[in-house]
Amino acid sequence: ADLKNFFHPVSFLFLSWKGVAGCCAKTTTAPLDRVKILLQAHNHHYKHLGVFSTLCAVPKKEGYLGLYKGNGAMMIRIFPYGAIQFMAFDQYKKVIKKQLGISGHVHRLMAGSMAGITAVICTYPLDMVRVRLAFQVKGEHKYMGIIHAFKMIYTKEGGFSGFYRGLMPTVVGMAPYAGFSFFTFGTLKSIGLAQAPNLLGRPSLDNPDVLVLKTHVNLLCGGIAGAIAQTISYPLDVTRRRMQLGAVLPDSDKCLTMVQTLKYVYQQHGVRRGLYRGLSLNYIRCIPSQAVAFTTYELMKQFLHLN
C-alpha cells in the first residue's frame, strides 16, 4: 500500500517537482560545494587560501566551469535521495509509533536519523564519484567523467566496496544531522503553535482543524534546524570527504579509518582550520536549502491531504 501511494501520479509529480527544484538549488550552490571539498581536503593548489579567495582563484585557474566540477553526478543523485529520505521518514515514524509505542519529539529524532541514513546508503556511490570529480584540478585529471570514474574506482579500489569508502563517518554523521534537523524543526513547530498559534500559525489548507506554521515561519524554523544540525555533524563531514578521496590524497595512508582521520586532521590542522574548515560555506549553502526543503515538505503534505 505504501509503495502504491508512493507511485501515485500526484506523489510522483511532487517528487519530480522536488527533484527539479533540488537540481536548480544544487546547481546554484555548486560553486560553494566545490570550494568546500577543495578546502576540506586541503587541495595543494588552494590550501593556503580562504573561502572567498578560493572562489576567486578557481575561475582564474580552471575557468568558470571549474566551479561546477562534479555537479553532473550531484544532479543524478538528487532525485532518488530526496524521494527516499522523505518517504522513509514518514514510514519510519509510523513503524516507530506503532511497533515501539514511541511518539512525540523522540520518534521524530529517531525517524529522521533512520531516513537520512537510508537515503545516504542508497545513493552513496554517486556521492563518492561526485567528490572525486570535484577534487580534480585542471591539468591533473584522473577521471574523464562520471562513467570513467565509476569504472576506475570499481577496477582499482576493490570492486563494489570501493564505492563505500568513508561510509562509516557518513552514517555516524548523518544520524545527528538528519535526526537533529527533523527534531529541531518539529520541536520549533510544536512550541511555536502551542505558544503563539495566532501569530505563527494558520489553518491547514486540507484540514482547517489542524494548525500549520505560516510560510515565513516555516522557512525560519527550517533554516535554524539546518544550522544546528550542520554545526553538530560537520567534523564528520570533513572526515567523510577525506576518506572518500582515498588514494587521490598524498596522506591517504593516515586516513584509513574514521578515528584515524579525525585524529590526523585535528593534529595537523586543529579545530578551526581542520575539523571546521569550510563551515561558513555550509551555512550559506545549507541553511536556505533546508529552509526550502522543510517548507516544501509541509506545503506538499497539505496538497496531498496528509494532515
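Using the three backbone atoms N, Cα and C, a Cβ is placed for every residue, glycine included.
Pulled from TrEMBL:
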type	residues	note
SIGNAL	1-22	signal peptide
REPEAT	9-95	repeat 'Solcar'
REPEAT	103-191	repeat 'Solcar'
REPEAT	213-303	repeat 'Solcar'
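Note on the repeat 'Solcar' (9-95): mean pLDDT across this stretch is 82.
Helix, strand and coil counts from DSSP across the repeat 'Solcar' (9-95) read 74 helix, 0 strand, 13 coil.
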